[in-house]
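Worksheet: one structure, shown below.
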Amino acid sequence: MLPSQPLLHAGVFALAVLQALASDTFIAAVYEHAVILPDPTDKPVSPDAALALMNKNMDVLEGAIKEAAQQGAHIIVTPEDGIYGWQFTRESIYPYLEDIPAPVVNWIPCTDPSRFGPAPVQERLSCMARNNSIYVVANIGDKKPCNSSDPGCPSDGRYQYNTDVVFDPEGKLVARYHKYNLFTTETQFNYPKELEAVTFETPFGKFGIFTCFDILFHEPAVVLVSKMQVDTVLFPTAWMNVLPFLTAVEFHSAWAMGMRVNLLAANTHKTSLAMTGSGIYAPDGARTYSYNMKTEDGHLLIAELDAHPCLSPASPPAVSWSSYALSVKRLSQDDHDFTGIIFHDQFTFTELTKPGGDLTVCQKDLCCHLSYKMAGKRDDEVYVLGAFDGLHVVEGQYYLQICTLLKCKSTDPDTCGQPVETAQTEFEMFSLSGTFGTNYVFPEVLYSGVQLAPGEFEVLNDGRLINKTKPTKPVVTVTLFGRWYEND
């Protein structure tokens, strides 16, 4: 006699758990989704129209989830705004929201969909996870009623939250996270009253979750890694690339290396808004990534990761970020320095005028040191060493210390710091360090064509970012991106 469907599903799930327990690694997937957007409107559409739009996006996500599961993935992350987009006012987003309970209720929406009122989106996501025996991570909207006894209650009588949800391979809701650091344009949502440091245990490590802009701040990003000691961070995002430092693949890879943790970053895909760049990142570099500004296609990425990266032999050692730089005497003179703007911040630059050598540039308490050798000095390209030590105040306030070797847009020094994607100059070697006042420093090398350099550079325990092999492509930037959270 054939086993009943519930028993069959339980057996499959138990087998998957045992397989995961038997391994120190797991298979991760992220999907970069070209979101189908609603027509812009200030007035709410009907609930049926909202659900129809969301089902179109979930049809695409379901295909990616099935493919990931067929390729052995244990978990898949989908993007922020991936189910309904972002063209909303506070009023017009309301039909897209659902009441999302706390995971302590022990709920499987796929088998009990009406327990907390209408929840068709949660039901479908839960069934995707259950039917494919895979953890599913998605971003949706939560609504919570409030009343006049709550002094913070909005005038419309409800809180609205940008929310991540996680369903386990049985379809059970195991995590709910309300985005803590809203981007300036997210006026349709409320800030949660308190920080939510959301974690959950899996057979392949301890996971944490946060959303997009959160990654730039101490709460919850650093709290999850340093205090909660998660192994892997799940990161739905809708990231608009900003060269030269805040391209998605560059910064997210650097953050994973600097924090010594796995990061599963799933971005939305909209080239007109410079939204692209997803990846699966480990402390020793990107395992796989995608940056595509040429087409409007979605893209599935799958890679194997260590379940406990800090215990892995490949995990980089702890770094004393200012150790080497503090021992170096300043070699360049102030009269050769000049200023330039990178993403609204005023950097101090000094030009690389020779094919090789040693340079230092300082701003406030930060001195950046560079040793380098070019394969050949070109007359049509200019590179500078730059330093920034200060409070960034656009689209949020956060204190930065940045050391960077970067290519200028043209031979005109006034263009240094403007976005550049391509280069032709080849380097034989580079060594970059800085007198950082923070231990939170994120290292990255960006090659021509917005390509990463996994395995081609390393950070020594004295704080030097150096090339391990001769760079295989022309360099756009070599950067140490420091966040001094205490100075925010």
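Glycine residues also receive a Cβ, built from the backbone N, Cα and C atoms like all the rest.
The feature signal peptide is assigned by TrEMBL to 1-22. What TrEMBL lists as domain 'CN hydrolase' is 31-307. Annotation comment: TrEMBL describes Glu80 as active site, proton acceptor. Per TrEMBL, the feature active site, proton donor maps to Lys179. Here TrEMBL flags Cys212 as active site, nucleophile.
Take the CB of the residue listed as 'active site, proton acceptor' and look out to 10 A: across all protein chains shown you find 25 other CB atoms. Per-residue confidence over the domain 'CN hydrolase' (31-307) averages out at a pLDDT of 97. Within 10 Å of the C-beta atom of the residue listed as 'active site, nucleophile' sit 26 other C-beta atoms, taking all shown protein chains into account. The separation of the residue listed as 'active site, nucleophile' from Glu80 (active site, proton acceptor), Cα to Cα, is 7 Å.
A simple way to gauge crowding: the CB of Lys179 (active site, proton donor) has 25 other CB atoms within 10 angstroms, across all the protein chains here.
The residue listed as 'active site, proton donor' sits 9 Å from Cys212 (active site, nucleophile), counting Cα to Cα.
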